[in-house]
Amino acid sequence: MTSLPNLLSRSDYLLALPMLVLSGFAVAILLLDLVLPKGWKRWNAALALAGLAAATMSLAKVWQAVYYIETPESKRFSGFLGSLVMDRFAIYFYLLFIVGAAVAILMSIRYMEIEHEDHGEYHALILFATIGMMCMASGMDLILLFVGLELMALSTYVLVGFLKRDKRSNEAALKYLLLGAFSSGIFAYGLSLFYGLTGSTNLTEIANKLAQRMADNPRDPIALLALITTATGLLFKIAAVPFHQWAPDAYEGAPTAVTGFMSVAVKAAGWAMLLRIFLFMLWPMREQYTPILIFVAVATMIGGNFAALTQTNVKRLLAYSSISHVGYMLLGLVASDGKNSSTGIKGILVYLAVYTFMNLGAFAVITSLRRRDIIGDELDDLAGLFFKAPSEAVLLLVFLLSLAGIPPLAGFWGKYYIFLSLMETGHYTLAVVAVLFAVLGMYYYLRIANAAFMREAVDAEPVKISPSLGAALWISALGTLGIGLFPEVFLRIVNWSLALSGDARVIGLLR
């Protein structure tokens with residue numbers, strides 16, 4: 001029997017280097033936490049940030065390998081018997097995950113001390129979740145994608161319930177676990193059906209065999225059932241209506257830094273896997289899944305925007321806001337016809353990046369309001385923020401206006417490319433509907449701004465910004481303003497990343 005070392009080469013280990021680095025640092029944090037005295041717990045956060053920095057450097061090494069092997073026919077570096085790939089698409093998402101994890105850790109340091117929950121396993125779980133996300137962005141095999149999804153999900157279940165003394169946190173974790181396990185079961189059932197139909201777990205082979213099968217019978221009932229169950233699992237992970245019920249409760253009950261992490265990095269991972277599966281494996285079924293996506297996208301915009309209008313808890317409001325943004329991004333997928341437009345996919349990638357900065361910034365402001373006996377996540381807690389912390393209030397306004405899509409901030413460019421892609425592909429009605437909902441969304445963002453700038457403070461407790469939280473705020477602000485004011489630099493990066501492993505002629509992303 002062939003041994004594992006003989007099956008794997010040095011290039012396989014190089015491909016997995018960022019994940020191996022993060023695994024090493026996560027284990028080191030768990031061991032270090034056993035011997036660190038209570039006053040030294042911040043070293044856990046420092047070690048986690050060092051691990052993310054080391055993973056970034058190892059990613060540069062992997063990118064170098066991808067760069068040197070690129071040809072017009074091949075733009076990927078594959079390993080582990082073809083189940084794991086590193087292409088520009090994966091590198092782009094790796095960077096989003098690392099930025100999201102790093103800013104979340106910076107937000108957490110003081111917050112978790114106030115909550116008396118500054119344990120090493122918290123930072124280790126963020127790193128383990130990031131490893132799962134990397135598998136989801138790089139996977140070209142159904143089994144690896146599912147393992148990555150579950151590693152991320154199990155880590156985030158624990159992170160949501162990390163405030164053991166908080167009933168809301170415990171309740172949110174239980175709901176998230178039960179609904180997440182149910183959706184994972186449906187997703188696994190869909191994947192098993194595709195395996196039964198094609199006899200393979202490799203995305204390339206499944207795509208080829210599906211193309212033959214759909215050419216013979218476009219209404220194949222087993223293939224349609226596999227599509228629906230797989231799509232259900234994927235849409236749950238990105239919190240699309242009607243599979244969004246977990247998001248408001250999980251976002252409200254989780255530690256605020258974890259909420260920020262889930263709203264950007266976890267969501268980006270779900271999108272990375274969704275794009276790989278829909279744009280490549282399921283591309284032969286695009287005529288079957290496009291009507292489903294249109295229905296879900298419109299329902300998501302309706303549900304997210306209207307539910308956000310009545311919320312008084314800021315974290316819950318931003319949860320519904322996050323759901324509405326998923327609707328816009330799904331329209332980008334609808335508009336990616338693979339013939340004459342890659343603008344929709346460009347819009348999704350831009351949207352995910354700018355959303356990372358502006359949403360983390362908004363949650364960083366909410367994190368700063370947690371002090372003594374004040375939770376800080378209600379609209380009343382924001383009252384008079386401008387008079388107590390004017391610079392922080394101005395930054396909050398920048399993040400809110402960017403979320404609303406106001407030019408020249410970063411959020412404008414995400415919506416612009418989504419709407420442009422709809423116009424390019426003749427979806428004029430969807431474009432008008434999306435614009436109307438974007439205008440509606442301004443109302444609930446202005447409600448938050450109104451509380452911060454126009455209302456009197458309900459408490460005299462000062463707002464103090466720790467150095468780590470200040471760093472998180474300014475990283476978010478620089479990303480939001482930088483992409484908004486200098487979009488051409490960032491768009492070059494996005495255009496570079498529009499290379500998805502597989503046959504580009506099939507998925508239509510390269511021209």
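Each residue, glycine too, has its Cβ placed from N, Cα and C.
What Swiss-Prot records for 15-35, 46-66, 89-109, 120-140, 142-162, 177-197, 221-241, 264-284, 289-309, 317-337, 393-413, 471-491 (among others) is transmembrane segment, and it gives sequence analysis as the kind of evidence.
If you look at the transmembrane segment (15-35), the same-chain residues 6 or more away from its ends with a CB under 8 A from one of its CBs are 41, 43-44, 47-48, 50-52, 54-56, 58-59, 61-62, 77-80, 84-86, 94, 119-121, 123-124, 127-128, 130-131, 134-135, 138. With a threshold of 8 Å between CB atoms, the same-chain residues lying at least 6 positions outside the transmembrane segment (317-337) that come near it are 238-241, 244, 247-248, 250-252, 259, 263, 267, 271, 274-275, 278-279, 290, 293-294, 296-305, 307-308, 311, 343-345, 347-348, 351-352, 355, 359, 362-363, 379, 403, 414-415, 417-418, 421-422, 424-425, 427, 430, 434, 437-438, 441, 444-445, 447-448, 508-509. Taking pairs at least six residues apart, the transmembrane segment (471-491) and the transmembrane segment (142-162) share fewer than three Cβ pairs below 8 Å and do not count as touching. Counting Cβ pairs under 8 Å to the transmembrane segment (46-66), the top-ranked stretch among 89-109, 120-140, 289-309 is 89-109.
Long-range contacts of the transmembrane segment (120-140) within the same chain, counting only residues at least 6 positions beyond its ends with a Cβ under 8 Å from a Cβ of the stretch, are 15, 18-19, 22-23, 25-27, 29-30, 32-34, 36, 41, 44-45, 47-48, 51-52, 55, 78, 82-86, 89-90, 93-94, 97-98, 101, 104-105, 108, 112, 147-153, 155-156, 158-159, 162, 202-204, 261, 265-266, 268-270, 272-273, 276, 501-502.
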